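Engineer: Below you'll find the structure I mean.
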Amino acid sequence: MAVSSSSDVLVLALGVILAAVYLFKDQIFAASKPKAVPATASKASNGSGNPRDFVAKMKESKKRIVIFYGSQTGTAEEYAIRLAKEAKSKFGLASLVCDPEEYDFENLDEIPEDCCVFFVMATYGEGEPTDNAVTLCQNLSDDSFVFTNGEHKLPGLKYVVFGLGNKTYEHYNLISKNVDRDLQKMGAIRIGERGEGDDDKSMEEDYLEWKDGMWEAFAKIMNVEEGQGGDSPDFAVTEVADHPPEKVYLGELSARALTKSKGIHDAKNPYPAPITVARELFSPNSDRNCIHVELNIEGSGITYQHGDHVGVWPSNPEVEVDRLLCVLGLYSKKDTVINIDSLDPALAKVPFPVPTTYITVLRNYIDISAVAGRQILGVLSKFAPNPEAETFLKNLNSNKDEYGRIVANGCLKLGEILQLAAGNDLSAVPTPENTTAWSIPFDIIVSSIPRLQPRYYSISSSPKLYPNSIHITVVVLTYESSPSERVKSHWVYGVGSNFLLNLKFAANGENVALLNDPQSSRPALVTMPSYAIEGPRGLYKQETIYKAPIHVRRSTFRLPTNPKSPVIMIGPGTGVAPFRGFVQERVAMARRTIEKNGPEGLADWGNIRLYFGCRRSDTDFLYNDEWPEYSKELHGKFTMRSAFSRENFKPDGSKIYVQDLLWEDHELVADAILNGKGYIYICGDAKSMSKAVEETLCKILGEAKGGSAEVEGAAEVKLLKERSRMLSDVWS
């Protein structure tokens with residue numbers, strides 16, 4: 001017993017000694033160890049411990065340029081990265097590319113004198129900043145916002161501005177103009193002209209025309225010389241052997257999607273929504289398609305409101321995927337697993353999850369279906385398979401007119417241009433045998449082609465009637481390109497709408513239709529493009545049910561909460577989509593009111609007027625069987641006016657459009673707006689329809705106010721917008 005006790009004491013004592021040695025090992029062995037880096041050094045590497053301090057990050061990483069981007073869809077971010085790459089290749093200057101939402105701006109006045117700030121700002125909606133740039137814009141415009149100098153001033157701050165907008169919208173590039181105005185007001189110095197990109201025409205061409213003059217001014221003011229940089233790759237692409245197949249991304253957008261982890265469904269983790277209904281809305285004798293799709297969201301956790309948008313994530317058509325695989329000489333190794341590493345993570349982040357495969361990158365992650373930009377053609381010319389192909393690409397890169405005639409008007413994708421340059425037959429189904437291979441490094445493809453983005457559609461249902469289903473109304477984009485001396489006219493297909501059309505055919509077990517036109521002057525008979533609609537690992541197909549990957553984007557396009565307010569909705573074509581949801585919202589409210597108070601409960605409700613337009617009443621009158629039913633349920637509180645532009649005409653033979661019906665009802669419209677404090681909603685084409693409607697409203701209101709459209713009418717329309725009583729959801 002005593003022996004046992006002694007042993008216990010020894011074991012216990014040994015344990016205490018070992019524990020003490022472990023606890024005080026740093027002090028005991030300090031003399032034999034190299035000195036540790038002070039804690040302050042590690043903080044400095046992360047901006048003095050404050051991850052929101054961009055000035056400290058610039059100083060620590062010795063970067064003379066910081067680029068902030070205001071981006072809603074990713075385009076402004078792409079241009080910000082392009083500017084950073086050009087600064088590096090031209091002058092050898094490193095840049096910090098920043099999402100303004102992640103930083104504070106109190107120390108913007110502490111930017112060193114030899115540094116410069118770039119602002120790449122998109123204008124969103126009705127002249128609003130993008131979501132990630134709201135705080136930045138507020139800080140710049142608010143006179144009460146104080147920098148570390150104790151004032152709302154930025155004397156001597158050097159800056160560059162490039163704006164992204166669309167001239168079909170009223171507030172074209174307003175945010176970049178405001179940023180420029182606010183900075184100049186605070187004493188900052190702009191380098192070069194303010195750039196303005198117009199997405200309605202060619203953002204790319206506007207950027208190319210602006211940047212050369214800007215860089216020239218930049219070099220002079222920043223005291224740098226061109227030629228100090230060099231061409232260096234952004235990414236390193238390596239082929240990976242024996243990687244676990246279940247850990248390879250085959251189209252999934254995030255780790256959550258790959259592992260099927262539970263969580264919210266958003267832009268990084270879209271929900272595969274089962275298609276419960278997919279039907280054609282146009283009549284059989286129409287030469288166009290418009291489809292109604294119902295997406296089941298039951299159990300997904302997704303919610304929506306009337307007026308919201310749904311983002312659909314398409315893949316690229318298989319023919320374009322195969323074409324580029326053949327052009328790059330990768331067809332035989334398309335399923336090879338690859339990893340991609342950024343060689344400068346601060347400048348170029350890997351734009352999609354890895355490891356993945358060559359075919360997945362081209363099918364799911366980058367936008368190979370877009371018209372190829374002029375700048376990339378110059379980059380790729382050095383990899384041409386022969387001198388003639390090199391000369392052809394260089395000419396397209398340097399000759400704006402020829403690029404416009406052959407590429408832009410011909411709607412040529414990158415794979416098609418490379419085939420054309422090499423003398424391949426564009427009309428043939430691409431194979432390795434009929435396609436010349438180019439020795440283009442895959443990292444250049446990754447860094448040069450933008451990310452494939454979701455396509456957004458106005459939701460055409462109300463959650464009050466369809467809580468577990470999202471409806472969309474999609475006109476299928478198919479048109480002919482303009483011919484040139486190098487390329488014949490051919491069919492061009494919108495990626496998102498034709499992806500959904502493929503799903504509609506598959507969901508209903510239908511055969512894909514031929515584009516049938518006997519006229520020899522038009523493109524030859526071709527089938528609609530096919531897509532990998534079953535998704536990664538068959539995720540988008542379950543037995544006979546097909547699914548579409550979606551997420552919901554919130555909108556401010558909403559009905560007034562008070563049903564007593566009159567509502568005027570103008571939505572020709574698929575612009576009627578959100579208004580179907582609006583009317584359903586009112587129908588649901590009316591049902592509850594009538595159940596409680598009888599039809600008399602609707603007596604003081606404001607009237608809802610819908611102005612719809614299409615070509616003919618017998619071909620493309622969307623939801624024509626539904627509107628009379630809604631009218632019955634709303635007991636006379638819903639009125640619909642329809643303009644059939646190819647069926648009914650004015651006395652002089654000209655077409656009748658929605659704005660003409662508005663003018664016919666000008667007294668009712670003016671009364672609803674001025675006396676009834678009504679709301680106006682416009683949805684559809686921004687290029688011509690929305691402008692014509694707004695001009696008509698100015699005329700109506702100007703006359704009602706006893707003045708002119710240009711003065712009193714315009715002032716009233718401006719007031720309606722400021723008070724959010726006139727809202728638009730338009731596109732070009």
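Easy rule for this one: first residue shown is 1, then count along the chain.
Glycine is no exception: its Cβ is also placed from the backbone N, Cα and C atoms.
Note: TrEMBL annotation is automatic and uncurated.
It should be emphasised that the depicted structure is a prediction, and the values quoted were computed from it without experimental measurement.
Checked TrEMBL, it gives:
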DOMAIN    65-215  domain 'Flavodoxin-like'
BINDING   71-76, 122-125, 164-173, Asp199  FMN binding site
DOMAIN    268-543  domain 'FAD-binding FR-type'
BINDING   Arg288, Thr574, Ser645, Arg646, Lys655, Ile656, Tyr657, Val658, Gln659  NADP(+) binding site
BINDING   Arg455, Tyr456, Tyr457, Ser458, Thr473, Val474, Val475, Tyr479, Gly494, Val495, Gly496, Ser497, Trp731  FAD binding site
Engineer: Taking Cα atoms as reference points, which of the binding-site residues Ser71, Gly74, Ser645, Gln659 is nearest to Gly496 (FAD binding site)?
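Structural biologist: Looking at Cα distances from Gly496 (FAD binding site), the smallest one goes to Gly74.
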Engineer: Looking at the binding-site residues Gly74, Gly496, which sits with the largest number of other Cβ atoms within 10 Å of its Cβ?
Structural biologist: Gly496
Engineer: Taking only the binding-site residues Gly74, Gly125, Asn166, Tyr169, Lys655, which one has a CA atom nearest to the CA atom of Tyr457 (FAD binding site)?
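Structural biologist: Closest by Cα distance to Tyr457 (FAD binding site) among the binding-site residues Gly74, Gly125, Asn166, Tyr169, Lys655: Gly125.
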Engineer: For Asn166 (FMN binding site), what is the tally of other C-beta atoms lying within 10 angstroms of its C-beta?
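Structural biologist: 21, counting other Cβ atoms within 10 Å of Asn166 (FMN binding site).
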Engineer: Residues with Cβ closer than 8 Å to the Cβ of Ala122 (FMN binding site), same chain and 6+ apart in sequence?
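Structural biologist: In sequence order, the residues whose Cβ lies under 8 Å from that of Ala122 (FMN binding site) (at least 6 apart) are Gly70, Ser71, Gln72, Thr73, Thr75, Ala76, Thr130, Gly163, Leu164, Gly165, Ile175.
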Engineer: Which residues, sitting 6 or more apart from Tyr169 (FMN binding site) on the same chain, put a CB under 8 Å from its CB?
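Structural biologist: When sequence neighbours closer than 6 are ignored, Tyr169 (FMN binding site) has Thr123, Glu126, Gly127, Ala686, Val730, Ser732 within Cβ distance under 8 Å.
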Engineer: If you measure from the Cα of Val475 (FAD binding site), which of the binding-site residues Gly125, Arg288, Gln659 is the nearest?
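Structural biologist: Comparing Cα positions, the closest of these binding-site residues turns out to be Arg288.
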Engineer: Please name which of the binding-site residues listed here, Arg288, Arg455, Thr473, Ser645, Gln659, is nearest in space to Gly74 (FMN binding site), Cα against Cα.
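Structural biologist: Result: the closest of the binding-site residues to Gly74 (FMN binding site) is Arg455.
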Engineer: Which residues of the same chain, at least 6 positions away in sequence, have a Cβ lying under 8 Å from the Cβ of Gln659 (NADP(+) binding site)?
Structural biologist: Met689, Ala692, Val693, Glu695, Thr696
Engineer: Could you check the binding-site residues Arg288, Arg455, Lys655 and say which one's CB has the most other CB atoms within 10 Å?
Structural biologist: Arg455
